[in-house]
């Protein structure tokens, strides 16, 4: 009964309290633990009691510590933007902390933005770092394409349009060029530009590099096998 009454009084205090909205606090991910974000207590002559208000961001509160007397809000755990905003990796990572001061009945709204740093390398969505593709030797040049999946990057600052692709280490007389498909799939394309002859060359090799804006890169080794067709006259 007493607990219910206290909860009711505490809830009613929100209705009549002063609302104070702070400016955005921007945190770079992996900022050192213990870093001071804000101090809410500006007077040493008054009594204060601060506490977090549970809301939709309750799981976020574990990353922060709050001094109940001084109102000092600090980082309590390593902040990994890609982990906290796992479903919003390519959108702004922003959430709202609510802190209530009991004696003066003030409710603080503190918007937190986690700023991304480029700490991930791009990844190709394949199970291994080497793939095998097939193409028929009678495939017509400039009409035949081999499709590849684009790489992805967990970092917010590296969206798909900022990743750079380059073919390297390809065999002599490599008969393909790399293009970006123009349809909505945004797949990568190896476009055939020369006639194939399996009896002369039965496979080609190359390495596809993807690089992000900070120079992190990943390699994908590609082997292209030329499938035989019956194009030889019997002797």
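In case you wondered, yes, glycine gets a Cβ from its N, Cα and C as well.
Keep in mind the model is a prediction, meaning the values are calculated, not measured.
The signal peptide annotation in TrEMBL covers 1-17. Summarising the annotation, TrEMBL assigns domain 'Cadherin' to 41-124, 127-234.
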Inset, instruction - For the domain 'Cadherin' (127-234), provide the mean pLDDT of the predicted model. - result: 89
Inset, instruction - Could you put numbers on the helix, strand and coil content of the domain 'Cadherin' (127-234), residue by residue per DSSP? - result: 3 helix, 47 strand, 58 coil
